[in-house]
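What TrEMBL records for this protein:
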type	residues	note
TRANSMEM	9-30	transmembrane segment
TRANSMEM	36-54	transmembrane segment
TRANSMEM	66-85	transmembrane segment
TRANSMEM	116-138	transmembrane segment
TRANSMEM	158-175	transmembrane segment
TRANSMEM	182-198	transmembrane segment
DOMAIN	187-337	domain 'O-antigen ligase-related'
TRANSMEM	204-220	transmembrane segment
TRANSMEM	227-248	transmembrane segment
TRANSMEM	324-348	transmembrane segment
TRANSMEM	360-380	transmembrane segment
TRANSMEM	386-402	transmembrane segment
Amino acid sequence: MKNKLLTSLLLKLEIVSVIFLLFFAETVVVPDAVRTLTNILSYGIVILLVSVQWKRIAYLATTDKTLILLTIIGVFSVLWSYSLGDTVEQVRALVRSTLFGLYLASRYTPREQINLLSWVGIISIFLCTIVGFAVPSVGTHVVNGVVSWRGIYAHKQHMGRFMGFLASIFLINILDKRCNRWFAFILLLVSLILLVLSNSKTGLIVFLYPVFAFPIYIIVKQRKNRFFILLIAVLIFTIISALILVNLESIVVNYLGKDIEFNGRIPLWVSTIQEGLKRPFLGYGYNAFWTSDASYDVIRNTWLRYEDIDPDSPFQAHNGFIDLFVQLGFLGLSLFVFHLLTVIYRVVNILFMTRKIETFWMFMFLGINVLVNTSEVITFMSTNSVFWIIYVSIAFSSAVEYKQIRRVQLISSLNQA
C-alpha cells in the first residue's frame, strides 16, 4: 500500500516538474533571483528525468540521427565561435532543451503531451489575465505608441505567439470526444481575446492557421474519394494563394498594418545574409552572431540602431532560417531544412495511415513553427522557446511511430506472400 502511494506521489511530482519546465521554457518575466533559481532547477530536473529514462532515451536517439547530428554541430561550434562565452552558455541550454524533448517523446504519447501543454496553456492564460488587469505596469507595455498586453511575457509578440500556438492545442481538444469540449472552447476564446489585446499580427496569423488547416483533417478522414477531395482542396488553395500574391501590397499595408518591406524586415534580412556570406559554411557559432562585433554593420545600417541594447535579449534577424544561417552556416541550415522536410514527410504519412487527431496536431505544429520563423523570432534550436522542445519531441515520436508502422506493413506483406 505504501509503495503504491509513493509511486503515485512520484508520478504526480514528475508531471508537475514537466509542466514547470514547459512553462518556464518561454520568456516569462520574473525577478532575476527567481530566473536564476528556475534555471538551476531546470538543469537538475532534466538530469534527474533523463537518468530515470536513460535506456529508452538512448534507443530513441538512434531513430533520428540527423537531429542528433544537428545538435552536435551546434555544440562543436564553440570551436569557431565569434563569441565563445555566449556560445558555451547557450550550448548547455541547447543540450538541456534537446534532452528534455527526447525525454518527452520517450515518456509520453502525443496525446499525453497535448494534455501537458493544455495545463501549461491554462496556467499561462490565467496568469496573463491576472497580471494584465491587476498589474498593468507589468502586464502591458507601449509599442509604436500603442498600449499592448504582454501578460507574463517579455514582449507582446511572445504572448501573441504563444496564444496563437495554444489555439492548436485547444482546437484539438474541441475535436476530441475524450475531452471537455466546452471548456476547451472557452479557453480558445479567452486565448483569442488575449491575442487581440496583445496587438500581435503574427500571433493572429498563427492563431488562424490551425483553424483554416482543419479541413485538411476532414479530407484525411475520408476513405472514399479522398484523392478528388484533395485535388479540389489543392485547387482552392492555389486560387487563394494567387489572389494573395496579386493583392499582397494591399493585404500587408491595409490589413496587417505593415509597410511592403514588413516594417523594415527585408532590409534587415538582406544585410544579415550579406554578413553571413562572409562565413558561409560554418557561420559565426551558435548564438554568437548578435552577441559579437560581427553584427555591428547590420545594426548600424538598419532600424536596429534605434533599439535599446539589452544583454538579456540580443538582437535577431526576425527570421529563423536567416538566424540559423549566420549561426551555423550553410552546413547547419541545410541539415535543418533536410530534417524539417523529413519530419513533415513522416508526419504526413502517419496522418494518412492512422488518421489520428494527435498526428494532425503534429502536422499543425510544424506549420506553425515554420510560420513563426518566417517573420518573427527564431525558435529553431532556440533555448528560450518551448517550440524547440516540442519540435524535438515530435521528431522522435514520429520517427518511432513511423518505424513501427513500416515494420507492421512489412510483416503483413511477408505473411501475404
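Glycine residues also receive a Cβ, built from the backbone N, Cα and C atoms like all the rest.
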(request) Could you tell me what the rest of the chain brings near the transmembrane segment (9-30), counting residues at least six beyond its ends with Cβ under 8 Å? (result) 38, 41-42, 45-46, 49, 97, 100, 104, 116-117, 119-120, 123-124, 138, 150, 152-155, 158, 162, 313, 384-386, 389
(message) With contact taken as 3 or more Cβ pairs under 8 angstroms (pairs 6 or more apart in sequence), are the transmembrane segment (182-198) and the transmembrane segment (116-138) in contact?
(response) yes
(request) Would you mind giving the whole-number mean pLDDT across the domain 'O-antigen ligase-related' (187-337)? (result) 71
(message) Cβ pairs under 8 Å only, please: of the recorded stretches 158-175, 204-220, 324-348, 386-402, which one is richest in them relative to the transmembrane segment (66-85)?
(response) 324-348
(message) Should anything in the same chain at least six residues away from the transmembrane segment (386-402) have a Cβ under 8 Å from its Cβ atoms, list it; otherwise answer none.
(response) 22, 25-26, 60-61, 63-64, 67, 97-98, 100-102, 104-106, 109-110, 113, 117, 120, 162, 165, 339, 343, 346-347, 349-350, 359, 362, 365-366, 369, 372, 379-380
(request) State the non-local partners of the transmembrane segment (158-175) in its own chain: residues 6+ outside its ends, Cβ under 8 Å from one of its Cβ atoms. (result) 26-27, 114, 117-118, 121, 124-125, 128, 149-152, 181, 184-185, 187-188, 191-192, 194-195, 198-200, 202-207, 209-211, 214, 217, 357-358, 360-361, 364-365, 368, 372, 376-377, 386-387
